[in-house]
Amino acid sequence: MAADRSYGWIDLVKLAAAVLVIANHTGPLTSWSEEADFVLTNIISRLAVPFFFMASGFFLFRAAKEGIRNKPSLRKFMVRIGGLYALGILLYLPVNVYAGHFGPDSTAGAILKEIAFGGTFYHLWYLPALLLGTAIVYMLRLRLQDRTVLVVTGALYAIGMFGDSYYGVAARVDALAVFYAQLFDAFGQTRNGLFFAPFFIALGAFIGNAASNTASRRSARWYGGMFLISFSLLLAEGTALHRLGLQLHEVMYVALVPAAYALFRLLTVRSVRGHRRVRYMSTAVYLLHPLAIVLVRGAAKLLGIQTVVIGNSFAFFAAVTIASLLPAAMLAIISVPRSSPMPGNPRAWVQIDLSNLDHNARVLKQALPDGTSLMAVVKANAYGHGSVGIAKRLQRGGIRQFAVAEVGEAVELRKAGVKGDILILGYTPTERLNELIWYNITQTVIHADDAQRLQAHGGKFKVHVKIDTGMNRLGEQFDRQEELLSMYRHSRLQVTGTYSHLAEADSLDPYDIAFSRKQIDRFRHAVDLILAAGFNPGRLHLQSSYGILNFPDLEMDLARPGIALYGLLSTEGGATRTKIDLRPVLSLKASVSRVHLVKSGEFVGYGRSFAAAADTMVATVAIGYADGIPRELSGRGGSVLIHGRRAPIIGRICMDQLTVDVSGIPDVRQGDIATIIGEDGAERITAGEIAMRTGTITNEIVCSMGTRAAKRFVSEPERRPAAKTLAGAGIHAPQ
Ligand SMILES: *Cc1c(COP(=O)(O)O)cnc(C)c1O
């Protein structure tokens with residue numbers, strides 16, 4: 001996985017953790033003090049395995065993120081770990097057989113149980129635990145929010161803990177003693193993929209999402225302090241439990257959680273280059289060290305130096321460590337190339353920051369009265385953001401109402417597994433009406449005759465009735481009483497909502513506000529009429545983004561934000577009554593494909609529209625109007641960001657490419673990243689800026705984005721590039 005390029009500290013600590021596991025299995029301090037050895041092997045080194053689990057959760061779910069790329073990377077991961085486990089089983093088969101492990105009396109059931117939970121050789125348990133734990137966390141994350149996943153897996157961990165370090169407490173309660181007896185019967189012990197692994201994998205995944213979210217990140221000193229405190233608590237906890245004789249196994253502690261969390265976060269504060277070989281080595285050490293134990297014992301016996309090597313616990317530990325590290329290092333050198341190849345970068349891509357999406361949904365909801373829920377408008381491929389990824393993310397955040405423009409968009413969401421209500425805001429042709437029923441999609445009734453068309457079609461439809469209160473686009477006229485009521489009378493139409501649309505909610509001009517108020521009143525009157533006639537109008541809704549921002553106190557059941565959900569206003573800098581901290585979700589990036597000097601007097605591009613007045617360094621960027629950049633941006637002062645600086649667009653924007661002047665930016669090379677919308681260093685280009693330059697609204701700019709550019713979901717802004725090249729920036733290509 002290339003995603004872990006910038007977390008070198010994690011790689012190094014993983015190797016240290018692998019050595020701690022060796023300590024665990026060799027007891028380096030036993031020659032001096034049993035007490036000291038207990039502290040080292042049964043308390044301190046207990047950090048090692050949670051750390052491994054967290055690293056897996058961190059990298060796997062960070063790289064996978066949401067949507068498109070989640071499944072393939074999970075499959076890849078499971079296959080890799082499964083393969084490793086199979087290798088481990090084979091590797092230790094001779095030792096197993098030698099120890100009489102798979103004797104004639106072991107049943108197939110017992111062996112299967114061992115393979116699934118315990119591992120066929122004592123330290124191999126980690127691999128099946130990783131497989132099962134990852135599957136559990138993956139499944140939970142599909143359905144629940146990060147924090148809820150932590151609560152669920154944390155509860156499993158608590159159950160596990162009372163069958164482990166705190167067993168002495170549980171054993172005193174009869175019912176619990178019975179419960180755990182059964183648990184042990186089923187699983188052997190609780191240190192497995194159900195009670196132990198999921199929590200730390202989920203914690204790693206949680207950190208992966210939060211790590212570079214600047215708002216939630218704290219300083220290295222803060223995490224260091226938290227680690228020291230929780231580490232001291234861990235020592236105290238482990239020692240106390242040991243003294244009191246409460247432990248059954250000494251694996252699962254309370255303080256292990258904050259200690260492992262703080263350590264892991266500490267290591268993610270600063271991004272340094274990853275060490276692929278070191279990472280490989282820690283896995284190899286983990287897999288090989290029991291073999292090394294056997295070999296060291298055998299060799300010592302053969303050479304007659306048992307007293308020196310085996311007799312001295314530290315010498316034994318050292319010998320095993322060397323005997324594990326050396327072959328692991330050799331294997332790493334042979335099989336892992338020193339530096340990873342330059343990560344391939346797409347030609348052009350859209351980057352989606354899902355944590356900003358979460359944020360926008362949250363603040364919009366907060367701006368509204370408690371009883372008002374959001375109906376997320378995800379039409380036009382979620383304004384160019386990718387409707388499936390966006391809808392699924394919002395669904396995880398608790399949103400149950402979605403709106404699209406047409407039936408094709410609704411069906412796409414359903415096929416991708418989006419639940420809840422999906423409302424079509426526009427017209428559906430008669431030949432596609434059946435799909436509304438098949439996919440349980442709600443249709444807007446556009447006017448009274450439209451209701452008749454649906455009723456005549458046969459089949460039962462869920463509908464929202466639209467009332468025209470002055471926009472004069474869709475909806476039955478607010479003052480045509482008979483027609484209005486007729487829409488609620490049809491036997492085959494189940495009316496679950498009634499709504500209207502404001503024509504000028506974005507204006508704070510008193511004259512325009514008066515018009516919006518008039519629309520609101522008309523809507524209210526129409527609803528009163530419907531109620532008075534004894535009909536149920538269902539859920540009421542009126543506000544789109546600007547309706548929320550400028551008329552936040554309306555007591556409606558739903559509000560329909562579109563553009564604001566994506567962190568944008570239609571016109572950048574426009575005034576709104578409520579100020580909401582909206583964060584842009586979309587960035588647009590592309591690769592530099594060529595950099596060359598254009599001599600004074602030469603021209604650039606179609607129509608020779610740019611003439612070089614002096615020698616000019618020109619970079620060609622692999623993105624054009626077919627990727628959604630408006631062609632009119634040519635010659636309107638537009639620019640892109642390269643190395644955190646503005647490079648003016650020169651010449652005419654082509655279908656797949658554009659050219660920029662990089663004379664003022666040293667060292668631009670092929671493969672460098674150009675940011676068309678988004679941040680790079682301290683500089684930033686917004687969709688609003690491009691809209692302003694091309695005389696349109698932000699909505700139109702983002703809607704045309706990414707029809708061709710590969711979509712890519714991330715939950716956080718890209719880390720600030722450490723160096724100017726791609727490799728240094730820790731950027732990775734979508735797989
Ligand atoms: C598009 C649309 C919305 C969303 O509008 P924004 O201004 O993007 O928030 C809401 N309601 C209807 C009927 C729409 O067509």
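Yeah, the Cβs are placed from backbone N, Cα and C, and that goes for glycine too.
Copied over from TrEMBL:
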- 7-23: transmembrane segment (TRANSMEM)
- 43-61: transmembrane segment (TRANSMEM)
- 82-101: transmembrane segment (TRANSMEM)
- 121-140: transmembrane segment (TRANSMEM)
- 149-169: transmembrane segment (TRANSMEM)
- 193-211: transmembrane segment (TRANSMEM)
- 223-245: transmembrane segment (TRANSMEM)
- 251-268: transmembrane segment (TRANSMEM)
- 312-334: transmembrane segment (TRANSMEM)
- K379: active site, proton acceptor (ACT_SITE)
- K379: N6-(pyridoxal phosphate)lysine (MOD_RES)
- R473, M655: substrate binding site (BINDING)
- 585-714: domain 'Alanine racemase C-terminal' (DOMAIN)
- Y606: active site, proton acceptor (ACT_SITE)
- 716-735: region 'Disordered' (REGION)
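Feature map: annotations from TrEMBL on the structure.
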{"residue": "K379", "record": "active site, proton acceptor", "contacts (Cβ under 8 Å, 6+ apart)": "S387, A403, V404, A405, E406, E409, L425, G562"}
{"residue": "R473", "record": "substrate binding site", "contacts (Cβ under 8 Å, 6+ apart)": "H501"}
{"residue": "Y606", "record": "active site, proton acceptor", "contacts (Cβ under 8 Å, 6+ apart)": "G651, R652, C654"}
{"residue": "M655", "record": "substrate binding site", "contacts (Cβ under 8 Å, 6+ apart)": "G624, Y625, A626"}
| request: Using DSSP, break the domain 'Alanine racemase C-terminal' (585-714) down into helix, strand and coil residues and give each count. | output: 22 helix, 53 strand, 55 coil
| Do the transmembrane segment (43-61) and the transmembrane segment (82-101) share at least 3 Cβ pairs closer than 8 Å, excluding pairs fewer than 6 residues apart in sequence? | no
| remark: Same-chain residues at least 6 beyond the ends of the transmembrane segment (149-169) with a Cβ under 8 Å from one of its Cβ atoms are 136-137, 140-141, 176, 180, 183-184, 189-192, 194-196, 198-199, 201-203, 205-206, 238, 241, 244-254, 257
| request: Summarise the model's confidence over the domain 'Alanine racemase C-terminal' (585-714) as a mean pLDDT value. | output: 91
| said: How about long-range neighbours of the transmembrane segment (312-334): same chain, 6 or more residues beyond its ends, C-beta under 8 Å? | reply: 19, 22-23, 25-32, 37, 277-278, 280-281, 284-285, 288-289, 292-293, 295-296, 300
| note | With the cut-off at Cβ under 8 Å and a gap of six or more residues from its ends, the chain residues touching the transmembrane segment (251-268) are 7, 9-10, 13, 43, 46-47, 49-51, 54-55, 58, 154, 157, 160-161, 164-166, 190-191, 196, 199-200, 203-204, 207, 211-212, 218, 220, 223-224, 226-227, 229-231, 233-234, 236-238, 241
| So which of 7-23, 82-101, 193-211 has the most C-beta pairs under 8 Å when paired with the transmembrane segment (121-140)? | 193-211
| task | Please indicate, using numbers and ranges, the residues of the same chain that are 6 or more beyond the transmembrane segment (82-101) and have a C-beta under 8 Å from a C-beta there. | result | 115, 119-121, 124, 127-128, 131, 283, 287, 290-291, 294
